[in-house]
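*Asks:* Below are the features I grabbed from Swiss-Prot:
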ACT_SITE  His76  active site, proton acceptor
ACT_SITE  Tyr140  active site, proton donor
Amino acid sequence: MTETFFDKPLACREIKEIPGLLEFDIPVRGDNRGWFKENFQKEKMLPIGFPERFFEEGKLQNNVSFSRQHVLRGLHAEPWDKYISVADDGKVLGAWVDLREGETFGNVYQTVIDASKGMFVPRGVANGFQVLSETVSYSYLVNDYWALDLKPKYAFVNYADPSLGITWENLAAAEVSEADKNHPLLSDVKPLKPKDL
């Protein structure tokens, strides 16, 4: 859990390093039984800055990945927007890299995410995380349906690229897929044009 976990007011912050990347504080209510949160409620999120365009195509798919400590996933930019959060008592170190064409190409942001925080990640921004807790259930709500024919639209950057300056926890102990180990360095990534997003 982060330093302030329970009873934060619902709030949204724009991340200046990466336009469109939003960080949300999510109210978590706890007692002797555990805790409860509304992970996402459209009526409350839109007025504080959640993008209305997320719902334009009427497609929503919610995914949950389960990972163990030291697992590192990323960095992937899929052809959809996503709202990510942690669905249990776990904690991750999240990292994002702007792969969109423009002056913020290559900009990086990272923060720790637990159940009291959510992130809106616009398409074209690569997303990755490393598990800091014993396990974590990582939830991501996306605005398109997964389909194999969308794979060619994915973009990737290597999590260990020193030019990114990402500070991972104990990278030598990280459990990483072969695919993620072989993603290109930022210098070899072709910036994503608006028409490709």
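Glycine residues also receive a Cβ, built from the backbone N, Cα and C atoms like all the rest.
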*Asks:* Is the residue listed as 'active site, proton donor' helix, strand or coil when read with DSSP?
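*Replies:* Where the residue listed as 'active site, proton donor' sits, the three-state DSSP reduction gives strand.
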*Asks:* Using C-alpha atoms only, work out the spacing between Tyr140 (active site, proton donor) and the residue listed as 'active site, proton acceptor' and round it to an integer in Å.
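*Replies:* Given the Cα positions, Tyr140 (active site, proton donor) is 13 Å from the residue listed as 'active site, proton acceptor'.
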